[in-house]
Each structure stands twice: as structure tokens, then as C-alpha cells.
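A.B. asks: Dropping the structure in here first, questions after.
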Amino acid sequence: MSALGRYDRHCDSINSDFGDSVRSCGPEQEELHYIPIRVLGHGAYGEATLYRRTEDDSLVVWKEVGLARLSEKERRDALNEIVILSLLQHDNIIAYYNHFLDSNTLLIELEYCNGGNLFDKIVHQKAQLFQEETVLWYLFQIVSAVSCIHKAGILHRDIKTLNIFLTKANLIKLGDYGLAKQLSSEYSMAETCVGTLYYMSPEICQGVKYSFKSDIWAVGCVLYELLTLTRTFDATNPLNLCVKIVQGNWAVGLDNTVYTQELIEVVHACLEQDPEKRPTADEILERPILSWRRRDMEEKVSMLNRSNKKPRTGTVTEAPIAVVTSRSSEVYVWGGGKTTPQKLDVFKGGWRARQVCAGDAHFAVVTVEKELYTWVNMQGGSKLHGQLGHGDRASYRQPKHVEKLQGKSVQKVSCGSDFTVCITDEGQLYSFGSDYYGCLGVNQSAGSEVLEPLLVDFFLNEPVDQVSCGDSHIMALTRSKSVYSWGCGEYGRLGLDSEDDVYSPQKVEVQRGLCIVNVCCGSDGSFLLTLTGKVLACGLNEHNKLGLNQYTAGIINHEAFQEVPYTTSLTLAKQLSFYKIRSISPGRTHTAAIDERGRLLTFGSNKCGQLGVGDYRKHLGINLLGGPLGGKQVIRVSCGDEFTTAATADNHIFAWGNGGNGRLAMTPNERPQGSDICTSWPRPIFGSLHHVTDLSCRGWHTILIVEKVLNSKTIRSNSSGLSIGTLAQSCSSGGSGSREEDSDRESLTSDPSRGFRGTIEAEPETGPFNTTENMESSSCPSWLRQELEEAEFIPMPDTPNFVSAESSQNGTTSMQDVRETPPDALEKPSFQACTCSTLQEEVRKLQDLVSTYRHEQELLCRENSRLALEVQELNGKLQSAMQMNQVVNKHGEAIHQIQKQLSLHWKSSPPSSGNPEMSREDSDAESWCFLGTEACRSSSGTPM
């Protein structure tokens, strides 16, 4: 299908969304859940709001367009952006996911770019020129995006630094397709004056037709700004600016001492006055300065986009349902002498937390914007070794952003005893803090302490998916499902079949056929979870905290107990094989696990009741918790020093074990009278109902994220009866030819930086009524006067069956002709009958036709099934016939052998007495009896 055909098809499908006033929620409709985070900005037509989509925990942007206060042209632009984006799929183009209609507000769901735009990037350079490699990296991505949209037959018409967005990994995303235009071929032209003045090509300024080469001019302007940090053309007013563009008077020259001549030639080629002499996007990519880097850059783009890439949850032909739930999100900490949960006011609103982790002496939090915050715990008193990553050893009591990771999207973080490790969206691993045991993974090449995040080069070609830290060792799971470990090797906690310390990542050999999906480190042991829910463990098994001990009881042998002190290689925890484990959390002396049914299992030491079984006795095996947790589905669990905290699906939080130093958030008044400081039964804590999204316990401390639902709203794509079907028709017709029919005007928007950054659209020709005196003297608003001036008068016949010959010839009558018509000729206006019923009848006929086709299709499917069965039956008969043929062939061969034997027998035997001829004939008849011939049958009836 051609690009134009796809454009029309998408336009019609989107129009059906807007045109239908009511549509039932069928079983095929998908329900998507969103949580608003913060407002990103305000535009001319509405707000841009950041949302978190709970299905995949991703961030998306909802672009709101208030349709009620827009002109028809502006509505068409909004619809046009959806149509264009739905056609384009490229790593350097803003991805479109969905659109919804809430009353009179159009909501467009787009990809979120957390690195701002190229305009802000240039401003923040502060006269510090970009490196040429950086410019080439940006240029390659921009031109790749332009090449994609041009191949789809789309003219962007508003390429500028404000519409070029970036991620924190410097991945370019070309956006804002509201002014984009679909052309029927590469030779088609457009003529409407649209775009931003600073980036307008000379042909647009001169009011002549333009093509895809106009976008190349804008690319040249963007490249010029990257090289000079200034506008290509600058002026105090629009007229002077257009003159400079047409004359080609650049603001400043290019410095060939900083940039190569090849790169400067690209600028000159793109800013060629003659459009025919400008290169295409593909020709720019083929230039030597980019071509020899192209493969590496394409691989880099693909790798950086891997974390952002997600399948579209719906197409424009579907009608998904959006469930928007407003939630309050808060972070609480307690322990270390603090018995009351303390709320951290830093993590709220747009800076809410998505992951938390506790270390022995510090906390770490990753926000929804994927920024890392660290600070010391409330206990304090411990010497710091740089595990906060702030470049010093200061004890920051409040959460502080790790500035050295600015520009990096931190996905996950894990804390050790005195070090911290985090991974980014690209799978890069950073470490900082103490390197005494080699936990930083750089072979102790950076010193005993690293105060700032340090990139571990080992994983540059092996992106990391998960990381977990013990007290003094680390395990990492890569995206290729390989497991690596390093650090202290005591008790074999690294799973490397030895107890040696390792200062750089070493691959852990996993049994063939096992797919590891999760790694988790305890204080001196490690766990690996497989795809089937099995558990592999290594390290110290004191108190059976790894679940490796074997305990059996029977009639003959009343008790059989096999203890495993420790293991240096990965060993299957057989006692856990009866369950399909979904998550596991090791503490210092015990471990808790959750199976696929949400049941909680505990094993290890029970000295302080941390197993939650209602007593303080020693338990040798695995304990399936009941009591207060009986029948509840546990969703989160974490183990600290001699205590356990768990959260359930019904929004309750439980804690049990050693309550000393505030570990259980239990004040003396809450403790039952006469009881000790420990509790062996899970007890609810934390007051009212809260949904826990993440939980971490370490030492005496607990940190968690809790959410409360404030309100919820369901948005259906077709919840409004607002119809803008004419907009879809105009979009579709606009893309079918080489000439645009746009005649709307858009006023020039102001530029906060003293310029003309905004987008304008103006028709070069003026209407015929600009000099009409009575129109000028009237109190009619200017916009309405303009609409009347450009309107056309369509005469309507008196009856639906009557068609004026003049109307059929002229089609429409201009307003000038109406003025010249005598008044008496206009006294009796005629009206055409409403054709809505006719259209409805046509729709019903089409629906009947579709139903007929569907019925015929079902019949064909049944017939195909029947024929398939017959073919299968015939194949079976054919196989039987072939087998019979083989049997017959074998019998024939046997008969042939018998014939040969008989022939030899008669030749070797002497002739019998009597008539020799008669004897020979009788012998022949006897021999043929083996064949069942007629001679044999006839002779058998003759008496001997």
C-alpha cells in the first residue's frame, strides 16, 4: 500500500473515533491504567502532562488539545498530527501510542523525552562550542528521522531546535507534526506559507511552491546553530529577516579551525538558495563524513532506544479505555532508634519515588524521572567511604541528588555495606564507595575509595538488567541472562567454586537449560531464581537461611537430618522445589520468599520470632505462614536484622521479629503490656490502608513507598459526540494532490527570546473584500469578516430532485457574484432537503453488506475445514494404497523366485515314462498352480 493510501486509511479510522457519539465497550477494547505525575508545560492549545503507565511502568506524555476553543483549521492540525505519527515508526521520531477523547479534550499519548529539547541544550552550552563528534551524532539522528518521514511522503514543515527533543542519553527525537503535509509523490509541491520564520526556506519566503528540499534547508539551519550556537539568520523584524533569508546573509561565519571542512560543506549544501541543488536526506547520510560512522551510529541508536521501545498498546482502529488514577505517593523510613515512621517530603509530586534501597549506613532512592538520591541513615555514627556518590565523605542527612549522574537515566540501585551500585537504562553499571573487597568491579584500579560514580567498563558490551549487593559482594544479571559476581568470596558466596576474593566481574556457570530471571544477595550468601520458580543458592547456610538442609521424617527412620554448612557452587534448594518462587529476600540470619500464589515462606533463625510462626523455637524446614497472613496475598517482603516486614494485596503492612531500636515501628505504648520487645506473630503497622510499591530492609532500618488512591476516572476514546468528520475529509483530500487547499491564517506568535520562534501560517493571496467600505465600517470582528470574505455561497434548489443547470456548470457562486445579484433574486432562498436519512440508509446497507460478507466468510471457513478433513482422509487412503503396493511387490518378487527354482528343478529332473510331451505339459500345469492361473484351476477339476 502506498504512503498516501495508508494516510487516507488512518485518517478515516481516526475520524471514526471522533464521529461516533456512542460506542459500546466491546470485549476487544483494551483497558490501560495511568497515574498522573506532573505538568510538563503549557502550550497554545493545552497542557502537556507526564503520566506513568502501570502496565509496563513506563513514562508517557499526554498532549491535551482543547477542541472547543479551536478553529476548524486548528482542529485539523491536531487530527493531522495523530495521522502522521501513526504512520511513522523510527528510533529518532517521537513515538505515538494512543489517543483518547475526553468530552471536548483530545488527549494524544506520546513518547516521553526526559532530556529537554535541542534549543535548551544549545542555550546551556554558554558559548562553549560542541565537539565535532557530538555535532555529527546529532546530525546523523536528525537526518535519519527526516529521511524516514520523506520516504513516507511527508513534509514536516516545522523542523527547528524547539521541536527536536532529547533523552538523557542524547538520543534525538523529532516531534511536533501538527503542520506536516502528506504529498502524493517526491515531485509534489506545497505552497501554503507555514513554519517558523527563522527556519523558513527562501522559496517559502518568496511565496512560491516548495517541496521536501524545504525541510533540508531547516536541517541546515539547525546544523548551523549547533556549530555556532547562534541563529542562522537574525533580524529585528520579520520583513528584514525574510530579506536576509532570500539573500543568504548568514549572521556569522563558520570557524574552520574548530570543525572540518567536510562538515562545513554539509551546511553550505543544505543552505543552498536553489532547492534543486540541495541534497536529499539520503544523500547527506551517504557523505563520507557520516557514511563510515553510519553502522556504529545505527547500532548505538538501536541500543539506546531499546529501553524506550515498547509495542503500541493499540492502533488507530481500536478504541482503548484509559483509566486515570490519581495517587498520592510518599516515602517513609524508620528504625535505627526512630520508632515512628518519618515521611520524606522531598519525594512527592513530580519527584515521587519508583524504587528504594537500604544499606547499613545509607539509603538510596530512584525517582520516576530516573534520578538517584542518596543520604545517610538516621542512626549515623558510621564512617562514610563515599557510598553517597556526592564527591566527598560528608554525612548528608537529607536526600541529595547525585549530580555526577546528571544526564543518565538511572533504572535501579542497590546498596552494600559501604558502597553503592546502580544501572542505567542503557545497561551501564556505575559503582562508588569502598573498594576494600573489590566490590566496585574495576580491579581496585581507582583506589580504596571512590567518591563519585565510576563506570564499570566491563559491561559496556554486555548491558546489565539487574544488580544486587550483599554486605561485601555483588551479583549482576545481564540482558543476555548471564550471571556475573565479584567481591568478597568467603563461604563461596560468589558461586565460583572457590572462596577467593574477586576484584572484577567473573561469569558464574549456570547449569545448561536453566534461565535465570532474578539475582538476590544476602549478607554472606546469594540466591538465583529461575524462570520455572526454582531457587539456586550459594554461600553460608547458617541456621539453614539458604534452605539447603535436608530434613526427613518417617516410620522406620524417625528423623533424618542432613546439614549443609556452606556451599561454594550454585546448589538447588530442594525444600523450596515444592513451590514456584516469585521473589526472595534474604536477611542476616533468615530469609523470606513469596510463591506464585502470594503465599509467604520463611526459613532460617527464629531466635526473635522473625519467621512469624507464633513461637521462638528452632524450625528446621520451610514455614508456610498462616495466622494473620492466612488467606492474604503477599506482594512485598523484606528481611532486616532479626525482623521481617511484608505488604499484602489488600493494602496492609505487617512486621514481626525483633522490635528493638524501632525496627517494627512499634512505640512502647503500642506494645502489649507485659510483653517483651519481640513479637513472633505478624502484626499490622502503619495505621490506615496503604499500597506498597517498593520495600527494603537492612540492618535496623526500613524504607518503603506507599500510595493512596485519591480518585479515578475512566476515559473512552469515543466518549464525546463531537464530530469533526469534515476535518478528516479535508486531511485526506489535502494529501491526494500536489496542491494544498489551506486558506486559514494563523497569527505570528511571540518568541520569549526576542524573535519569531512561533509557527505562522498565512495565505499569500488576499481576499477580494479587503477594500470593501461597508465591511470596514461594520462592527464585525476581524476573524468573522475574514471568514465571510473567503466564504463561498452555494445555492440550494427548492426540492431535492431539482438541480439547477447553472449550479451544475459553475459548481459554486462566489460572494462577489452574490453582491452583483439583484435583491429580488435573493428574496426566496431555497434549501436542500437534509440527506442525513439517506446517509443513514447507506450506512445500514453497508453494514448489511459487511454482515453478508462475514457470513460468507464463515461458510468459506467451514468449507475449507471440510475440504481439509477430506484431504487428510485421502492422504490416509493414499498411504494405505502405497503400503499395499509394497506388499504386492514383495509377493511378486517371492513368486518370481519360486518360478526360477521350479524351472531349474524341471531342467535337472529326467523325463518321466510315457509321452514326454504330455509329462512336460502336466509339469508345467503343476508349476503354474502356484500362480493360481486358469490352467491350474481347470486341471484341478480333472480327476487324476
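Each residue, glycine too, has its Cβ placed from N, Cα and C.
Residues or ranges marked as ATP binding site in Swiss-Prot (evidence: sequence analysis): LEU40, GLY41, HIS42, GLY43, ALA44, TYR45, GLY46, GLU47, ALA48, LYS63. Per Swiss-Prot, active site, proton acceptor is recorded for ASP158. As annotated by Swiss-Prot, phosphothreonine applies to THR192, with the evidence given as similarity to another entry. If you look up Swiss-Prot, you'll see 370-426 marked as repeat 'RCC1 1'. The repeat 'RCC1 2' annotation in Swiss-Prot covers 427-480. Taken from Swiss-Prot, the feature repeat 'RCC1 3' covers 481-532. Look at Swiss-Prot and you will find 533-597 tagged as repeat 'RCC1 4'. Marked as repeat 'RCC1 5' by Swiss-Prot: 598-650. Marked as repeat 'RCC1 6' by Swiss-Prot: 651-708. Swiss-Prot lists 738-748 with the feature compositional bias 'Basic and acidic residues'. According to Swiss-Prot, the compositional bias 'Polar residues' annotation covers 768-781, 801-816.
I'm curious about the neighbourhood of these features; can you describe it?
C.D. replies: Long-range C-beta contacts of LEU40 (ATP binding site), restricted to its own chain and to partners at least six residues apart, with a cutoff below 8 Å, comprise GLU47, ALA48, THR49, LEU50, VAL61. Classification of LEU40 (ATP binding site) by DSSP places it within a strand.
ASP158 (active site, proton acceptor) falls outside any helix or strand according to DSSP and counts as coil.
Here the repeat 'RCC1 1' (370-426) has, by DSSP, the following mix of helix, strand and coil residues: 3 helix, 19 strand, 35 coil.
For the repeat 'RCC1 2' (427-480), residue counts in helix, strand and coil come to 3 helix, 25 strand, 26 coil, using DSSP.
For the repeat 'RCC1 5' (598-650), the DSSP-based tally of helix, strand and coil residues reads 3 helix, 19 strand, 31 coil.
Here the repeat 'RCC1 6' (651-708) returns a mean pLDDT of 85 for the predicted model.
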A.B. asks: Sequence gap of 6 or more, C-beta under 8 Å: which same-chain residues meet both conditions with respect to HIS42 (ATP binding site)?
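C.D. replies: Long-range Cβ contacts: ALA48.
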A.B. asks: Around the C-beta of ALA48 (ATP binding site), how many further C-beta atoms are within 10 angstroms, looking at every protein chain?
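C.D. replies: The answer is 16 other Cβ atoms.
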A.B. asks: DSSP on the repeat 'RCC1 6' (651-708): how many residues come out helix, how many strand, how many coil?
C.D. replies: 3 helix, 30 strand, 25 coil
A.B. asks: By DSSP, how many residues in the repeat 'RCC1 3' (481-532) are helix, how many strand, and how many coil?
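C.D. replies: Reading the DSSP string over the repeat 'RCC1 3' (481-532) gives 3 helix, 24 strand, 25 coil.
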A.B. asks: Quick check on the repeat 'RCC1 4' (533-597): DSSP residue counts for helix, strand, coil, in that order please.
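C.D. replies: Grouping H, G, I as helix and E, B as strand yields 6 helix, 31 strand, 28 coil.
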A.B. asks: How far is it from ASP158 (active site, proton acceptor) to GLY46 (ATP binding site), counting Cα to Cα, in Å?
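C.D. replies: Checking the Cα atoms of ASP158 (active site, proton acceptor) and GLY46 (ATP binding site) gives a distance of 19 Å.
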A.B. asks: Would you kindly check 370-426, 427-480, 533-597 and say which stretch has the most C-beta pairs under 8 angstroms to the repeat 'RCC1 6' (651-708)?
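C.D. replies: Comparing 370-426, 427-480, 533-597: 370-426 has the most Cβ pairs near the repeat 'RCC1 6' (651-708).
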A.B. asks: So for GLY46 (ATP binding site), how many other CB atoms are inside 10 Å of its CB?
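C.D. replies: The answer is 20.
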